[in-house]
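Structure first, then comments.
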């Protein structure tokens, strides 16, 4: 560490020691990520990240590609099943390699720095900022909709409110892990209540005999010729609504008793979300014909206008609350990805530092916030989402393939959870078929996604592998790190080896 950075760190640590010298112990002086995520908050993170704007928008895309009501419902159920298979694999990886960072940390541990860096590069550069920008724009659009009932809200107003929302939630996440998790808990309950309202109203419609579209003879009437490629695209649409099922693995080091609560949260959350999504789609079809659903750009709002009467205003508000919680969840988890990447030396070391008092990764949060606002200013968010969706599912497959590779190369590694080999193999077969047909159906979109990822190769060799850089580059990095520490009041966290010791203690290699 550079002399100036070391002095800065020592100064701030000395201030903390003086402030706590009367009542501190060795344990309380540790500057580490706080373990404040219990089982309830862990479930809220998974559910809150999965349930965003997807379930209110994606049913249209699933039905459009599936071609019939019956097949679209099968896609929703199977999509949840595939997520369950993937989450079981991630549960094993999460307790075997108990590091924050999710896919990136596992792939780096298993396959080495280059593969891990490529996942990190695509996620930090495009994937998560773009997803955050889309969710923030959806939030602001629904918040402003009641004020512009007879016209479309001004796009500048939508962008401005989206930026304010991202800035506010960044401040919350910088201030306290507990505040961030409490927001996640509250808004997750709000999302489930909104979906419960849709489900209850839909069930009332069914009991009244309004289920014509759900009768098997009608439900499997195809509006277009079914093809494997179109079904694969329907699964991709459903997978967008299910995305986020792996996000608890990004904050493993902040979970209380992760070897117990990580798998428990997965076992509770994934089946619950699958049930809620399936019942929500059944409710949609109880009151809307397939033609009406395909003509709607906001299915939940159309549903509310048809059945809730004067109470229909609750639906745009519910979608806004849902997306607000989604933004908070994505900020919380994506900042931990930056933190993990910096700790491995793949990003500037400043991003691996945490606030001396609040123990939050403020530099990483600020990078996520700034990247999201830049994407908001660019405006081409939906095109970018199409390009990086391919990368997202590619990273899932590479990570789960890593589980099989780790089983082969390190068979004696301590594994508190060990799933059957049929689970990762089944997932990889589905994954290969899905991505293969997606590449066949949308070669340009998938190809551009690969290009975005591969631009990280020269960056890796220049930024990470090249050790003999000119001295002025090191001096510049040292100066930026020094100023960043002063501004953000951050230091390197102390390692807590209590959870990571079993990772290597019983390994033979």
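Placement of Cβ uses the backbone N, Cα and C atoms for every residue, glycine included.
Where the annotation comes from TrEMBL, it is an automatic prediction and has not been curated.
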(Q) Which range is it, out of 266-287, 486-507, that shows up in TrEMBL as transmembrane segment? (A) 266-287
Q.
Cβ under 8 Å, sequence separation of at least 6 from the ends of the transmembrane segment (186-207): give me the contacting residues as numbers and ranges.
A. 43-44, 47-48, 51, 55, 214, 276, 279-280, 282-284, 286-287, 300, 303, 307-308, 314-315, 318-319, 321-322, 324-325, 328
Q: Using a Cβ cut-off of under 8 Å, list the residues of the same chain at least 6 residues beyond the transmembrane segment (37-57) that approach it.
A: 134-135, 138, 177, 181, 184-185, 187-188, 191-192, 195, 240-245, 247-248, 251, 254-256, 261-262, 264-266, 268-270, 272-273, 276-277, 280, 297-301, 319, 322-323, 325-326, 328-330, 332-333
Q) Okay, the transmembrane segment (447-466) and the transmembrane segment (69-90): do they have at least three CB pairs under 8 Å, pairs separated by 6 or more? A) no
Q) Are there at least 3 C-beta pairs under 8 angstroms linking the transmembrane segment (155-174) and the transmembrane segment (362-381), leaving out pairs fewer than 6 apart in sequence? A) yes
Q) Apart from its near flanks, which chain residues at least 6 from the ends of the transmembrane segment (227-245) lie with a Cβ under 8 angstroms of it? A) 46, 48-50, 52, 54-55, 58, 61-62, 64-67, 71-72, 75-76, 78-80, 82-83, 86-87, 131, 266, 269-270, 273, 277, 326, 329-330, 389, 392-393, 433-434, 436-438, 440-442
